[in-house]
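According to TrEMBL, the protein has these features:
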type     : residues                                                                       : note
BINDING  : His43, His69                                                                   : heme binding site
BINDING  : His234, His239, His257, His260, His261, His315, His319, His336, His339, His340 : Zn(2+) binding site
DOMAIN   : 8-86                                                                           : domain 'Cytochrome b5 heme-binding'
TRANSMEM : 168-188                                                                        : transmembrane segment
TRANSMEM : 214-233                                                                        : transmembrane segment
TRANSMEM : 270-288                                                                        : transmembrane segment
TRANSMEM : 294-311                                                                        : transmembrane segment
Amino acid sequence: MAPAPPPAACFSAAEVQRRLAAGACWVRRGARLYDLTGFVRQHPGGEQLLWARAGQDVSADLDGPPHQHSANARRWLEQYYVGDLQGDPEGPVENGPVASASTQKTDPVMEPKLKAVDWEKDLVDWQKPLLWQVGHLGEKYDEWVHQPVSRPIRLFHSDFVEALSKTVWYSVPIIWIPLVLYCSWSYYGAFAQGNVQLLAPFATEYSVAMPESAFPGLFLLGLFLWSLLEYLIHRFLFHMKPPSDSAYLIMLHFALHGQHHKAPFDTSRLVFPPVPASLVIAFFYLVLRLILSAAVAGTVFAGSLLGYVIYDLTHYYLHFGSPHKGSYLYHLKAHHVKHHFAHHRSGFGISSKLWDHFFHTLTPEEPHQKTQ
């Protein structure tokens, strides 16, 4: 059980004004103050919307328009609570000149407290590895794992195993793009030499010859195939609902994907770590080789691997990027954030919404149109 939170601090309007002038993004709900400085780049609606509301009461914005924020979004906001506004809470606290040269933008007292919102109902000990703990949550697990928090997660006791479960985003292109290029170059050479069959050697009597011109089509087929795999894996494996009486299946779900929904902005867990990714990628290649000839399987594999790289980088950007309003990535980010905060049983596409359209799993539309 987490310790009791410290007493709420109180800030005058002048103190809040100094923070705003120093570059912080503070907002309020009534008299409650929130420091969103560390969250502005993650905001689904873009940085501009939060900066425009700095110092203001956002109560009406949470109810919409442009849209009504979910219960999870409101719970998320509470993690950035820093204290209460003294005096009359009516009216905005406007930005003003810096009152003191000693005002520190990174005053540790003012940093958002990464704490559980409800201290009496926190079901795990955040000071210990979580994987073994979540297995005992039983029927409470599904609700708990879909209430996101803004804090890093530790899964394992072993430092070595823990390190294997985490990675930085740029490891994905550094490791896998060279393999995409190598496979593409090697198997294009095989196509250029001719005598490439479609199927694996055991089925040569049913196979057909593949011309050199088939190479780009097979590569694109791999990209297309990955987009379908991305959707199916996310929907049916990552979002399986483990039985409440199976601690091991709950732990498996949490290790595969639940930890990402619990801490969606943990930078070390947004892309697949190289070691587990290598096992899955090797398995996929072996399946292709069982069916197709080496050159055809390698070409489809190279296209699929590029699709995976695009998927992982897109996923990272949707969490930490700030796309231009109205752009394709802006709408894709809104689609993905709704999946995390409001509709985790829909919106399974990451790099595109193609298969959500096809299988009718798009996240619900907002009840009213966005306004400027």
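The backbone N, Cα and C atoms fix where each Cβ goes, glycine too.
Automated prediction, rather than curation, is the source of TrEMBL annotations.
Scored by C-beta pairs under 8 angstroms, the transmembrane segment (294-311) has its highest count with 214-233, from the stretches 168-188, 214-233, 270-288. Sequence-distant contacts of the transmembrane segment (168-188), counting only residues of its own chain at least 6 positions beyond either end whose CB sits under 8 Å from a CB of the stretch, comprise 215, 219, 267-268, 270-274, 281, 294-295, 298-299, 301-302, 305-306, 308-309, 312-313, 316.
Here the binding-site residues are His257, His261, His319, His339, and the one with the most other Cβ atoms within 10 Å of its Cβ is His339.
For the pair His339 (Zn(2+) binding site) and His43 (heme binding site), the C-alpha distance works out to 14 angstrom. Long-range neighbours of the transmembrane segment (214-233) within the same chain, counting only residues 6 or more positions beyond its ends whose Cβ lies under 8 Å from a Cβ of the stretch, are 184, 187-188, 191, 196, 296, 299-308, 311, 348-352, 354-356, 359. Using a 10 Å Cα-Cα cut-off from His43 (heme binding site), none of the binding-site residues among His234, His257, His261 qualify. Mean pLDDT of the predicted structure over the domain 'Cytochrome b5 heme-binding' (8-86): 81. Cα spacing between His69 (heme binding site) and His234 (Zn(2+) binding site): 24 Å, rounded to the nearest whole number. Taken through DSSP, the domain 'Cytochrome b5 heme-binding' (8-86) splits into 31 helix, 17 strand, 31 coil.
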